[in-house]
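Per TrEMBL, these features apply:
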SIGNAL    1-23  signal peptide
TRANSMEM  105-123  transmembrane segment
TRANSMEM  135-155  transmembrane segment
TRANSMEM  167-188  transmembrane segment
TRANSMEM  195-213  transmembrane segment
TRANSMEM  225-244  transmembrane segment
TRANSMEM  256-279  transmembrane segment
TRANSMEM  285-302  transmembrane segment
Amino acid sequence: MAEQAARLLLLTAALGLAWGSQGDREPVYRDCVLRCEERNCSGDALKHFRSLQPIYMSLAGWTCRDDCKYECMWVTVGLYLQEGHRVPQFHGKWPFSRFLFIQEPASAVASLLNGLASLVMLCRYRASVPASSPMYHTCMAFAWVSLNAWFWSTVFHTRDTDLTEKMDYFCASAVILYSVYLCCVRTVGLRYPSVASAFGALLLLLLTVHISYLSLIRFDYGYNMMANVAIGLVNLAWWLAWCLRNHRHLPHTRRCVVVVLLLQGLSLLELLDFPPLFWVLDAHAIWHISTIPVHILFFRFLEDDSLYLLKESEAKFKLA
């Protein structure tokens, strides 16, 4: 659930990516990039650049043009600061100090830690919940979908390319839709499996259409953001309504309520859009860091709920 909330308040980033940013529109930046490419990115100069480039940089796909953009970004930032202006964004992003080949170090590390938290809780869930629990396979699938999303989030923040950006967005959308399916199975599907199956097929169709449109027709950041906001709010409202309705006889639902409220509150961090502290730590990275314990809480809820359902199903079997 944590990854889905990151998409609810990314208005600035989405619009910046769609229409460019102040920094990359600056003539000084564009002229700097053009001169740098003419000087370093062709002929013998390009061979010299490649001979000096560390192997890890080339393996990560950093090109001569990318290096020119990176160096000219800092030239432009320096001029802005000298004139007393606010630090500009470039291509929809704040300027980050690169560490080795990692483009956004804090967000990349935070995404990795979120993924590790998901993996640890997946292993804990598998060890403590028998496969005979009614929600076992659905919860396990959700854990793998979440783990995949955090993997691509880590890759994207490590190296922002067209492919890694799309995989990050698409996998995040998959987490949101699967969380809706998880909620549907828990609230409706255990009594009416055919309803859950039909709803799951509908969600899969929606994801396919969503990805196809963004991949084959137009990568519309505004549409992608609004679609994720709509589904994400439905998901959070559905979980919250079910938890509040059942909290008296299902005390473990309190953890789910805390997760929902935390995600709503922590998402406000995205509104605190500011230049990175020490050119590393921005609001998005802080948000990623803050969601790490949320995974633990939500998987603890899934674990307790699955064990409750197992106990309930065993009791019904004995009565039968």
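Cβ coordinates are placed from backbone N, Cα and C, and glycine is handled just like the others.
Within the chain carrying the transmembrane segment (285-302), a Cβ under 8 angstroms from the stretch's Cβ atoms is held by residues 1-3, 5-6, 104, 106-107, 110-111, 113-114, 117-118, 121-122, 124-125, 135, 139, 142-143, 146, 153, 252-253, 255-256, 258-259, 262-263, 266-267, 269-270, 276, all 6 or more beyond its ends.
For the transmembrane segment (225-244), the neighbouring stretch richest in Cβ pairs under 8 Å, chosen from 105-123, 167-188, 256-279, is 167-188. Same-chain neighbours of the transmembrane segment (105-123): 2-3, 96-99, 140, 143-144, 146-147, 150-151, 153-154, 157-158, 276, 280-282, 284-285, 288-289, 291-293, 295-296, 299-300, counting only residues six or more beyond its ends whose CB sits under 8 Å from a CB of the stretch.
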